[in-house]
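Take a look at the structure below.
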Amino acid sequence: MTSIGEEIHPEDDKSSFIAKEVLDNKDGTLLKAHLPDGYWEESWDFLTKNWIPLIANAFEFFEFATFAYEVEPISHNFSNGNETIVWVIFSVAFLCRPIGGIVVGYLGDFVGRKPAFRIASISVVISTFLQGTVPSQYAGGDTGRHVGLVLLLMLRVMQGLGIGGEVSSGIILLAENSKRKHVGITLGWLTVSSGLGFMLASFSAALINTVMNDEDVIRYGWRIPFLLSVIPGAYLLYLLRTLEETAVFKKFSEGGGPEASMLNANIIKRLVAFVLCHAGVASFWYVACIYVFDWLRDTQNAEADGFGASELLWIATFQNAVQLPASLIFGAALDVYGLTSMFILAMGSALAFGLPTFALLDSFGAQTYLMILGPGLLFGIIAGAIGSAAALLAVDIFPPEFRHRGIGLAFNLSVMIFGGLGPAWAELGEGYIPVAPGVLVGVCAAISFVTFLFFAQYLLPPENKPSFDIMCC
C-alpha cells in the first residue's frame, strides 16, 4: 500500500523526505537528520492555499469544547443542576458521529471529498447556532426547560452526524493535497486548528465567567458563544464554494471507483487497529484536557485552593495555547523521524504522565505550580503530539479507495467510546476511585501503545526514516 503523497506526488521519492547525513562510525549508524532546504517556506505556501479545512476544523472543536466548558450553567437551564444529565447529552453527539462518519464517508469515496465536506459543514453550522436559541428554565419556565431539553438533544444529534463527516473530510482534504515530505507538518497545522478551537472556546468561557456574575452566566451568558458562532459559520459556508476536489479522488474514481463493500479482512483489521490506537488520543483530549477541570471543581473542590470557574478556564486557555506550537514541532518531527517513532513517543508520554498527574492533583490539591505544569503545560504538549501523530496514522492506515469511509467510521467510533463517553465513564468511576479520570486516561493510553507497537505499525507503508535515537540538527 502506498502512503499519502505518493499516490499523487510520485516525484517525491522516499529518500527525499528528509535531508540526512550518514557519518562513518564503523557501523554506519545514521547520526544526524534535518529538514530539507525550503521545508518551512514550502509548507507555509501550501497552508496559504489550503486553509479552508483548517477553519472548519477549528469551528468543530470550538463548539464541542464550548458545550463542555459550559456544562454547569447549561445544567441549571435544562436539568435542575444535574451535570450528569448534561454530560449524557454531550455524549449523544458522539453516539451519532460514527453514523455521520460512515454516511458522509460513502459520499466522500463515491461522490467526492468536496461535496461530502460541504454537506457535513452545513449541518454543523446550523445546529451549533440553534443550540443558543432553545428555550430553557430561565427562558420559558418548566415548559421551556422540558421543550428545550428535547430540542437540545435533537440539535446535538444533528451536530454529531455532521461533525462525524466533517472531521474525516478535513483530514483527508489536507493530507491528499499535501506532498509526502510535508504531510507531517500539514497535519500538525490541522492539530493547531483543533487547539485553536479549544482555546477560543475556553477563552470565551473564561471571559464570560470573569466579566459576568454567576447568575447572569446561568441566565443567558452561556448562550453567547453559540449565537456568535453564526458569524464564522456563515463565512465558512461561503468559503466552501471555492474548495477543489483532491487529485487522489479523481485518480481512483477514473480507474473505476472504490469497492462498495468494506467487509473484507484487510479493511476490518485496519478499522480495529485504528479504533484501539486512537483510544488513548480520544480519552486524553476529552478527559485529560477538558473534563479534568470539571473534576477539579466538583471532586477536588479546587475553589478552596483559589481556583474557581474562571481561574480553571484560564488554565484551560493556557493549555490550549501550549498545544499550538507543540503540534507544529511534532508535525515537523513526523516528517523527519516518521510515524512509527513519533506515535510511540507521543502515546508513551500520555501513558507515562496522564495518571500520575491526576494522582498528584488528588494528593496535593489544585496548587498553582501543579496546575500550570500539569493540566496546563504538560497536557498541552502531549495533546499536540498525539493529535498530529493520530491524524497521520488515520490517513496512512487506510487505502485511498476506502479512506473516507474508514476514517469516518473508525475515528468517530473511537472518539465516541473513549472520548465523548469518557466524562460519563469517569463520573461513574469517581464513586469508587477518586482518580478515575486518570485511570481511564492511563488504561486507554496503554491500549493504544500496545496495539500500535505489536499490531498497527505493521499495517503501515514502509518508512525510510532515521531511527529515533539519533541526534537532530
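Even glycines carry a Cβ here, placed using N, Cα and C.
Where the annotation comes from TrEMBL, it is an automatic prediction and has not been curated.
TrEMBL has this to say about the protein:
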- 49-460: domain 'Major facilitator superfamily (MFS) profile' (DOMAIN)
- 85-107: transmembrane segment (TRANSMEM)
- 119-138: transmembrane segment (TRANSMEM)
- 150-175: transmembrane segment (TRANSMEM)
- 187-208: transmembrane segment (TRANSMEM)
- 220-240: transmembrane segment (TRANSMEM)
- 271-293: transmembrane segment (TRANSMEM)
- 313-334: transmembrane segment (TRANSMEM)
- 341-360: transmembrane segment (TRANSMEM)
- 372-395: transmembrane segment (TRANSMEM)
- 407-426: transmembrane segment (TRANSMEM)
- 432-455: transmembrane segment (TRANSMEM)
Spatial neighbours of the transmembrane segment (432-455) far in sequence, C-beta under 8 Å, 6+ residues away: 273, 276-284, 287-288, 291-292, 295, 299, 343-344, 347-348, 350-351, 354-359, 362, 393, 418, 422, 425-426
Segment-segment contact (the transmembrane segment (407-426); the transmembrane segment (271-293)) at 3 or more Cβ pairs under 8 Å: yes
Selection from 119-138, 150-175, 271-293, 313-334, 372-395, the stretch that has most Cβ pairs under 8 A to the transmembrane segment (187-208): 313-334
Segment confidence, the domain 'Major facilitator superfamily (MFS) profile' (49-460), expressed as mean pLDDT: 88
Outside the transmembrane segment (150-175), six or more residues from its ends: residues with CB under 8 Å to it: 4-5, 50, 53-54, 56-57, 60, 63-64, 78, 89-90, 92-105, 107-108, 113-114, 116-117, 119-124, 126-128, 130-131, 134-135, 183, 186-187, 189-190, 243, 246, 391-392, 394-395, 403-404, 407-408, 411-412
Remote residues contacting the transmembrane segment (372-395) - C-beta distance under 8 A, at least 6 residues beyond either end: 4, 168, 171-172, 175-176, 183-184, 187-188, 190-192, 194-195, 274, 277-278, 280-281, 284-285, 288-289, 292-293, 296, 315-316, 318-331, 334, 339, 342-343, 345-347, 349-350, 353-354, 357, 360-361, 403, 407, 410-411, 452, 456, 460
Residues from the same chain, set at least six apart from the ends of the transmembrane segment (313-334), whose C-beta lies under 8 A from its own: 35, 39, 69, 183-189, 191-192, 194-196, 198-199, 202-203, 205-206, 209, 289-290, 293, 307, 342, 346, 371-372, 375-377, 379-385, 387-389, 392, 472
Chain residues outside the transmembrane segment (85-107) and at least six past its termini with a C-beta under 8 angstroms from it: 64, 67-68, 71, 74-75, 78-79, 115-116, 119-120, 123, 149, 152-153, 156-157, 159-169, 404-409, 411-413, 415-416, 419-421, 423-424, 427
